[in-house]
Each structure stands twice: as C-alpha cells, then as structure tokens.
Amino acid sequence: MKVELSKPLGMILEEDKSGNIFVAEVLKGGNADKSGLIDVGDQLIATSAIVYGSEDYYQGVRVRKGMQVVRLSVFGEKFDTVMAAIGTHPAHMKVTLEIQKCARPTSTDENNGVAN
C-alpha cells in the first residue's frame, strides 16, 4: 500500500535483527495517525527520495538543478540510508511510503510468549 505523508511523519521507525524496517510507534495526532492507514508493526518496503541531476555555481552560490523524485527500496539498505532518503524531502513535498500491512503484535508476542 502507498501512503503519502507530510513531514513530520508522526511515527517512529525501527530496524529489527533481520534488517527489516517497521513502524514501532504511531504518534497520536501526528500525520501518520491522521492518515488512518499506518499501524504499529507495519513494514516499510520503499520510500521516495529527492535527488538532483546537476548543479551550477552563480557568484559562488551552489544551485542544485534537475530535481527528481525516486523510489528507494529499503531491502538491503542501511537504516541510516533510509532515514536520509526520507530527510531529502523539502517541507512542502510529501513523502511516499510503501507499507506492507503486518499483524499487530499482541501482548503475548511483546513479552516473548508470556501473556500479561
């Protein structure tokens, strides 16, 4: 499923031992929560990122040109790389996230099989 969110996203992403990136927390009232589409436990499959094809210098000022929105598959990418890709979006541009819906962890799952 694709979701477009304004920054701040309003969720906390974490990486598990296998390198998968998942939603660890959805902040109440944040953009992820307002979308109604993202839940704790959902896995991030891909994100959009902004890249520039060239740059010029005008009177000593660097001007980036050729802005493109690209899709970054998160499989095999370092967590820091994925966070940097999300961070490339200017405030006025929404971030596109591809999310795989996953079962929410139960209280039994969270406590390694011991129910509360």
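Note: Cβ is positioned from N, Cα and C throughout, glycine not excepted.
Unlike curated entries, TrEMBL annotations are predicted automatically.
What TrEMBL records for 1-48 is domain 'PDZ'. Each residue in the domain 'PDZ' (1-48) has a pLDDT score, and their mean in this model is 96.
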*When DSSP states are grouped into helix, strand and coil, how many residues of the domain 'PDZ' (1-48) land in each?*
5 helix, 21 strand, 22 coil
